[in-house]
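Visitor: In case it helps, TrEMBL gives these features for our protein:
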type     : residues                                           : note
BINDING  : ARG44, GLY45, ALA46, ARG85, GLN189, ASN240, LYS241 : substrate binding site
SITE     : CYS150                                             : site 'Transition state stabilizer'
ACT_SITE : ASP230                                             : active site, proton donor
Amino acid sequence: MEWLERPVPAVRLIDQTRLPVDEVYLEATDVDALVDAIARLAVRGAPALGAVGALGVAVAMAQGERDGWDDARLRHEIARLRDARPTAVNLAWAVDRVLPLLPDGRSAVLAEALRVLDEDEAANHSLSEQGADWLLARCPERPLRVLTHCNTGTLATTAWGTALGIVRELHARGRLELVHVDETRPLLQGSRLTAWELAADGIDHVVQVDSAAAGAILRGLVDAVLIGADRIAANGDTANKVGSVGLALACADAGIPFVVAAPWSTVDLATTDGTGIAIEERGAEEVVAFGGVPTAPAGSRVFNPAFDVTPARLIDAVVTERGVAEPKIRPDMSAVHQPL
Ligand code: MRU
């Protein structure tokens, strides 16, 4: 993700809907383009949504200067951006972070937005090291076979990644054997995006259908599951890509660690528990068609939640740059500690 100042200020993004086939970039110069990119998941992943939200406020200001918006219109457009997706708290968090600087002008907003990006990258590296330390302290015997869901890498963040950042850290330390990549129905963020990132890094992986995950875990083929998060409530309940809670149940039965990795900007202390997290429901076409070909009878009703909530009681660790919380033992996100 990149800020372009000229000729018209823009945010430059890789269009994630086109991967892995085409590496195409889009340049969003107005709020409509940003809202559209967010809604159709051209940009996605909680920390990346935060970054685009913060930069998006500067885009809105530049558009307002061009089109002669008054303050009320500018704030209305910024609110549209803030609400473009409901579950990932990072989007609203980042917009709210830069908003107080509106009276100071666009360069002040842009400078703060760029700080959001820099801090996210630093957080990813820090939490990846802490996550690897935590895991290796619990699973010291052998190079790890891990399973991951959705995409939590560079594409979903500003750089490096969260759960995939821990994977990269384990690989760098020579302590990774294999990554099981859930394809992640219905939009295939795992097979399209995570496998693309792992292949680029030369990290050994297998792509599997989501329904292979529980069996692989119970057969002892996986040592730990690592996922990201869209919103973590004060008690550790975690909203993430639909399918996450099933992985946590399988881990609990198998007695292997279920680990959530996220920057602190994904922690929402104002939300007491998972019941307070809004779960985005997306269109039927994502479920009943594949590549434009129908996969269910015409008129089938559809249930398409984009996320689910894993209860704190099933989560062994929430790894952040501020430290590791262990919700299973203590359902309190403020009780983070540095891993031994
Ligand atoms: O619908 P998406 O692709 O935006 O969902 C993304 C996820 O669920 C990720 O796991 C989460 O945002 C963490 S990204 C570091």
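Yeah, the Cβs are placed from backbone N, Cα and C, and that goes for glycine too.
What TrEMBL says about a protein is an automatic prediction, not a curated fact.
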Visitor: Count, for each of the binding-site residues GLN189, ASN240, the other C-beta atoms lying within 10 angstroms of its own C-beta, and report the residue with the smallest count.
Guide: GLN189
Visitor: Determine, to the nearest whole angstrom, how far the Cα atom of ASN240 (substrate binding site) is from the Cα atom of CYS150 (site 'Transition state stabilizer').
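Guide: Spelling it out, the Cα of ASN240 (substrate binding site) and the Cα of CYS150 (site 'Transition state stabilizer') are 9 Å apart.
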Visitor: Centre the Cβ atoms of ARG44, GLY45, ALA46, ARG85, GLN189, ASN240, LYS241, go out 8 Å, and tell me which other residues of that chain have a Cβ in range of the substrate site.
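Guide: Apart from the listed residues, the neighbours are LEU49, ALA88, CYS150, ASN151, ALA156, GLY228, ASP230, ALA306, PHE307.
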Visitor: At its widest, how many Å does the recorded substrate site span between Cα atoms of ARG44, GLY45, ALA46, ARG85, GLN189, ASN240, LYS241?
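Guide: The substrate-binding residues span at most 17 Å between Cα atoms.
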Visitor: Tell me, by DSSP, whether ASP230 (active site, proton donor) is helix, strand or coil?
Guide: coil
Visitor: Measuring Cα to Cα, how many angstrom lie between GLY45 (substrate binding site) and CYS150 (site 'Transition state stabilizer')?
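Guide: Between the alpha carbons of GLY45 (substrate binding site) and CYS150 (site 'Transition state stabilizer') there are 9 Å.
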Visitor: State the three-class DSSP label for ASN240 (substrate binding site), counting H, G and I as helix, E and B as strand, and everything else as coil.
Guide: strand
Visitor: If the criterion is a C-beta within less than 6 angstroms of any ligand 1 atom, which of the recorded positions ARG44, GLY45, ALA46, ARG85, CYS150, LYS241 pass it? List them in sequence order.
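Guide: Once distances to ligand 1 are taken from each Cβ, ARG44, GLY45, ALA46, CYS150, LYS241 fall under 6 Å.
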Visitor: Work out how many Å separate CYS150 (site 'Transition state stabilizer') and ARG44 (substrate binding site) at their Cα atoms, rounded off.
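Guide: Roughly 11 Å, rounded to the nearest whole number.
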